[in-house]
Amino acid sequence: MRLLDDLQAGLAAIDAAHLRRVRRTAYSPTDRSQRISVPGEAPRDILGFCGNDYLGLAAHPALVEAMTQGTQQYGFGSGASHLVSGHSIAHARLEARMAALQGEHIPEADALFFCTGYMANLAVVSAMAQAGGIRPAEECTIFSDALNHASLIDGARLSRAPIKVYPHVDLAALEALLAASTSRNKLIVTDGVFSMDGDIAPLPELLALAERYDAWLIVDDAHGLGVLGENGAGVLSHFGLHSQRIIYVGTFGKAAGGSGAAIVGHRLVIDWLVQRARTYIFTTATPPGIACAVEAALDLIASEEGDERRARLDRHIAVWSAHAQRLAARFGWQWMPSPTAIQPIVIGENAPALALAAALEHEGIRIAAIRPPTVPAGTARLRITLSAAHTDADIERLAQALEAAGQSLQPAKAA
């Protein structure tokens, strides 16, 4: 069969380029260390530096209890989409909580809860490109950072609006594109914290451009909510921004430890999304127990315990940054300084990045080797992510293991 032959050839090409992805199976709750297996091997305990559980909340007893109680109260499933009969009071409470949280930064804010961050980003970009029923191909232009998350890129593509990609955080290039645009509506789309580099978008400058050129600013704060800003309120709080032009996407699958996402914007923006966001309209609502757990996670994030966890994470970032800078200089890698939990070290080609990741996993440490197309060709990297759940000893163990792996694989440079 020709299709299967084509698939086999495509998979062979993926293997030849060292780009095959392999799933691992976890046998224990998400934590700093998990019991994990890879295909063909028995499960074993692995110390993880590759997840997004930045505050160590994924298995927090209070959140497990909140989900259990919510499920007991409202049942397992929602039974329908939000616009039919699946919109629970648990969903409504969470939306009100997010609207209040970001309402300090977005006047007349309302919020809309989605099953995943990916679905939220598909919705906000594609639906806002058709705001008010305009023809997106003729009356809206999307301005997208070159390193935006795949979900923002896909949302732009689905919108059928023209897309102008500007070099990563290049404000001059973006301004030139905005100045040349004659579109009725303009959408500037950006990650708040970039998922592969760990840098924070220059949101004050982006908002200034949005105001100057009558554009809207869509911010995906997947990696900022919970860890940045006052009481972990996110990247808008981090910068102290305030504008009706901001549309905010907060994701609950990272620092909040759960799943789902909420879009926060002016009440008319949210009402439009209810009417036109296909990934909201045409899917079963998230189980209400998850909404209950996420609301409890937001409580915990804003609490004294949340402050303590953020402080611990910040200490880990400072200690690890010193190790990473030293190791990168020793082995000829590129250290990418980041003030966030995302701490990438660029190795370059795919094969050595995979070899380093394999050597670390052999020693019981899991770090993802990120390769194209997730990152540009020639920038394969170890994407190290830190968590408040890690201990000081974990950070030292990682530094020692990475140094040993680098020395064994690159003895000439290590001399």
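A Cβ is built for glycine as well, from the same backbone N, Cα and C atoms used for every other residue.
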To which of His82, His87, His223 does Swiss-Prot also attribute binding of pyridoxal 5'-phosphate at the site defined by Gly117, Tyr118, Ser195, Thr251?
-> His223
Distant-in-sequence Cβ neighbours of Lys254 (N6-(pyridoxal phosphate)lysine), under 8 Å, six or more positions away | Asn52, Asp53, Tyr54, Ala222, His223, Leu225, Gly226
Measuring Cα to Cα, how many angstrom lie between Arg21 (substrate binding site) and Thr251 (pyridoxal 5'-phosphate binding site)?
-> 24
For pyridoxal 5'-phosphate, with binding residues Gly117, Tyr118, Ser195, His223, Thr251 per the record, max Cα distance (Å, no decimals) returned as 13
Looking only at Ser195, Thr251, Thr374, which of these binding-site residues has the biggest number of Cβ atoms within 10 Å around its Cβ?
-> Thr251
Taking only the CA atoms, the spacing between Ser195 (pyridoxal 5'-phosphate binding site) and His149 (substrate binding site), expressed in whole angstrom, is 7
Minimum Cα separation from Thr374 (substrate binding site), reported as the residue among binding-site residues Gly117, Tyr118, Thr251 that achieves it | Tyr118
